[in-house]
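So the structure is just underneath, and the comments pick up after that.
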Amino acid sequence: MPKLRSATTTQGRNMAGARALWRATGMKDGDFGKPIIAVSNSFTQFVPGHVHLKDMGQLVARSIEAAGGVAKEFNTIAVDDGIAMGHSGMLYSLPSREIIADSVEYMVNAHCADAIVCISNCDKITPGMLMASMRLNIPVIFVSGGPMEAGKTKLSDQIIKLDLVDAMVAGVDNNVNDEQSGEIERSACPTCGSCSGMFTANSMNCLTEALGLSLPGNGSMLATHADREGLFKQAGTQIVELCRRYYQQDDESVLPRNIANFKAFENAMSLDIAMGGSTNTILHLLAAAVEGEVPFTLDDIDRLSRNVPHLCKVAPSTPQYHMEDVHRAGGVLGILAELNRAGLLHEDTPHVLGKSIGEVISEWDITQPENAHALEFFRAGPAGIRTTKAFSQDCRYPTADTDRENGCIRSRANAFSEEGGLAVLFGNIAQDGCIVKTAGVDESIHVFTGRARIYESQDDAVKAILADEVIAGDIVVIRYEGPKGGPGMQEMLYPTTYLKAKGLGKKCALITDGRFSGGTSGLSIGHCSPEAASGGGIGLVEEGDSMTIDIPQRKIGVDISDEVLQARREKMEQSANPWKPVSRERKVSLALKAYALLATSADKGAVRDASKLED
């Protein structure tokens, strides 16, 4: 029978000092011997997805205490990728994931906590907490802050839905006047919550459901809706139950490495492909797998991407549907139900509710008339009122969206496309693979040949695009922006947004060893591995080279012979500063240099290179 980890600090005369300190936090005699549960919150006023989380930790804590546990809350950092975008702040985004993971590990292990409730929401916070949970392997439940409502504005006498990317595009589109741009900007992000499309934050919160580590509705229930309060309360109650099962009944099935096992990672990736999630999710799933010693690799993702259809199309891939529409259609469990009916899901994987994922799907599938509670739950919708407050409205759609032929979520027979929304490409510039979000690529450019335009920083590429130096048929190559080369693997949302604003969204491609925002669409290929700074082939492409992208064949490369490529490699190796940008002025802080020293390329999740830390 496993002993409570917290007993190390609460039991025995020699721990009198520790108990004295625990008492100073509010603990009483009767609390020593109860499970001490860490509530890892991520409240900050910098991030709309986290601005409403201040009271959520205490909401969970009171629920934990009512169920018989002791709750202790702490906070992690949280970076807003949208605000950090387009300047040197973006260098810090991905490295913050490792700091979040480390901070959770530090707090939980330093104080010998018995379990964790992770209150996350935006881009690097959920992945960082997931990585920590897989490292620690103690009972955990995730509960996110939820997505924001879609923005809405009236243009040409029509009400249209908006998100952050619409504001960015309008800001540089010469066809949009100042008044229209200002209206879009003021309307794009109307409430607290993670940005309203299937961007990185919402994608990751959806994936925690598929991994079995969060409750039904976690990925799709709006931040503003009153029903979301129930998820926080239930998380507090259920984590105490998981502690009871593990510490009192020796039930190891409740541990995250047993719930989020290899099959669960396949389920999560299948969901990601089916819903056309952010390419960043691949990076984060691979990182979590490494931390949990789960043998899930890019090869598995490549295999799944060839078999899983695209069942749910959401902004930025279409303006028609946002997360509130996904929720109305049955949320994550609605998509998983269609995957299950298509024979593309492992329905026997465990879940934090103590059931299999298949059982949870059956209970929450809105296409089954007997699930009246699910139909009511998934009718929760937006109020259309600007607010930063959680649980501030209780509006409901008249009906749920159960249309699997033409609705937001489709059956396999009515899929948006037979192949899913993400693909892995290989070739001489990405020997270990690269990623494209096919859900956002027009079919007319699934095969594309163009002229390489080489830029060794995102800033230089942006200047060239805005100066109209990039023309139709060009392939913009941005390199030395990987985890090590950036350092920090910046998101390239501004270059792709500006290409779209210039009318080049279907006429150009962008290839990088950096990454993309979940808001990116178009022929945008990232995560080229190995990255240029690690000797990757992307570092050998020259200005004016012909390059070819072939999504159906999963191929990408520069159109030169192996002999020419090898000659370029030898020349690079013999240069004064091999595998470094030739003319880039960028001040890199000591903190970022420390990150770069251990960073692996994207195909390994950009985690630390453990081989460099071996005894």
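Cβ from N, Cα, C; glycine included.
When Glu456, Glu469, Glu481, Glu491 are compared with the Mg(2+) site residues Asp81, Asp123, Lys124 in Swiss-Prot, the one appearing in that site is Glu491. Sorted by the number of other CB atoms within 10 A, the binding-site residues Asp81, Asp123, Glu491 start with Asp81, the lowest. Ranked by Cα separation from Glu491 (Mg(2+) binding site), the recorded positions Cys122, Cys195, Ser517 are led by Ser517. In sequence order, Pro48, Gly49, Gly82, Pro147, Met148, Asp163, Leu164, Cys189, Ala201, Asn202, Gly518, Gly519 are the residues of the chain that are 6 or more apart from Cys195 ([2Fe-2S] cluster binding site) and have a CB within less than 8 Å of its CB.
Listed in chain order, the residues near the Mg(2+) site other than Asp81, Asp123, Lys124, Glu491 are Val79, Ala84, Ser93, Leu94, Cys122, Thr200, Asn280, Ser517, each with its Cβ within 8 Å of the site Cβ centroid. Rounded to a whole number, the C-alpha distance linking Asp123 (Mg(2+) binding site) with Ser517 (active site, proton acceptor) is 9 angstrom.
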